[in-house]
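Swiss-Prot annotations:
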type	residues	note
BINDING	167, 276	K(+) 4 binding site
BINDING	167, 168, 276, 277	K(+) 1 binding site
BINDING	168, 169, 277, 278	K(+) 2 binding site
BINDING	169, 170, 278, 279	K(+) 3 binding site
CARBOHYD	144	N-linked glycosylation site
CARBOHYD	147	N-linked glycosylation site
INTRAMEM	154-180	intramembrane segment
INTRAMEM	263-294	intramembrane segment
REGION	167-172	region 'Selectivity filter 1'
REGION	276-281	region 'Selectivity filter 2'
REGION	412-444	region 'Disordered'
TRANSMEM	72-92	transmembrane segment
TRANSMEM	182-202	transmembrane segment
TRANSMEM	234-254	transmembrane segment
TRANSMEM	299-319	transmembrane segment
């Protein structure tokens, strides 16, 4: 249960962002050693009222955080699973014992009725019901009730009032009258908040005491150059051990001695009481067969008060741990995602840059290899052609060179251009000797251009060549065409956009052609145009 308070209590929370600013003793909060990491949060000694103080401080500062629905549903599912698991375990442990008790009671009732024939089963059931009602009213049906102490004497009534405002509610005694029930309602409404203020104050004092002790322990470990995280863990363990010794172990030993319980029953009662569960199956000072001292029950209630403050501090500390762990987990997950995204971007950029460099290098190497292969093929072709020409006779070599380099084309063109003048100057004997004057004029009139006539003359000349020369010419002609096709395919595969390499290849090709005696196409076309102009003038 949460208790409202007027002012935020002094505390040092695990989470620096959520912690309420409060003035704490300087001894309890020594300066943490800066080691390059985030400061480790300090343990808090707080009670259930701390939750209300934190909520008030957050609402005043406008920084109140609301839990998301997904988180609420997840926690609800976890709680339901936890409840189902607990129910299954309790049923497996307690149901066999309950069945055995039922069988035992049934056998004892049957044996009693068999031994006491004068008692009817209805009378026995009525007696048992009266005993249960008396027990529920707080009167023990065991023994002589006139000699035992009353459940509503001053000590017992004080203890009952303490169980009401502490919300423990053992249930061993309860008001039976209407006036008592009405007063219990009003008493709980005003007494529970009042006890909450008292519990918060005691929690502050316990926090101060334990804070000073923890600060001394941290000072000792800090001199030994122990890491801050280890110091926090050690101080937490010492805090829990000290509380367990003071509020659990020592009271359990006392209850075992006074109440006659076993060690397990004593520890069970202590934990159930300080966690405000209060089943009521074991109650200190509830045994009618024991004569308790008058101060026993008030002392038990004072132990409950201080023990509740300690357990509230422990529960609050556990809640702070879980909250800090969840926030740290979220921050670590966010950092991991950010690092992963940054690493992915860097790897992608490096991969793209590497691929671009490799593509450029491979492209350059392919282009250079294509150029080198083209030059080697041309050089090999020229060497083979020169070797073949060396094997021919001088006459065939001159004819083949004239056909290959285009010199015959120029000489035949000059003869054609000069043919009309020769026909005019020379006599009829020479015309009859050659017998070609009229045929050449007909050829000029028929084709109408010197270029067509030149091509025709070349074809006629090729027909008159010997067969061995024609075969050699065709072989080298096909070889040249194959070389040109291979060069074109290589250029298409390379997809070269570098104009300098193309110009270099073209210059090398033109130079090789000029060395072999071949006339460039531009020069050939220009020569044809000049010859046409001279022919028109004539």
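Here the Cβ of each residue, glycine as well, is placed from N, Cα and C on the backbone.
Residue 170 (K(+) 3 binding site) counts 21 other C-beta atoms within 10 Å of its own C-beta, drawing on all protein chains shown.
Ranking the binding-site residues 276, 277, 278 by the distance of their Cα atoms from the Cα of residue 170 (K(+) 3 binding site) places 278 first. The transmembrane segment (299-319) and the transmembrane segment (182-202) are in contact, since at least 3 Cβ pairs between them lie under 8 Å (pairs 6 or more apart in sequence). Neighbours of the K(+) 2 site: apart from 168, 169, 277, 278, residues of the same chain with C-beta atoms within 8 angstroms of the site's C-beta centroid are 163, 166, 167, 170, 171, 272, 273, 276, 279, 280.
The binding-site residues 169, 278 differ in how many other CB atoms lie within 10 Å of their CB, and the one with the most is 278.
For the K(+) 1 site, the Cβ centre of 167, 168, 276, 277 serves as reference, and the other residues of the chain with Cβ at most 8 Å from it are 163, 166, 169, 273, 275, 278. Look at the Cβ of each of the binding-site residues 168, 277 and count the other Cβ atoms within 10 Å; the largest number goes with 168. For residue 279 (K(+) 3 binding site), applying a Cβ distance below 8 Å and a minimum sequence separation of six or more within one chain yields 170, 171, 272. Excluding the listed site residues 169, 170, 278, 279, the same chain places 163, 168, 171, 172, 272, 273, 277, 280, 283 with Cβ atoms within 8 Å of the centre of the K(+) 3 site Cβ atoms. It is 5 Å from the Cα atom of residue 168 (K(+) 1 binding site) to that of residue 278 (K(+) 2 binding site). Counting only the Cα atoms, the space from residue 167 (K(+) 4 binding site) to residue 277 (K(+) 1 binding site) is about 9 angstrom.
According to its DSSP assignment, residue 170 (K(+) 3 binding site) is coil.
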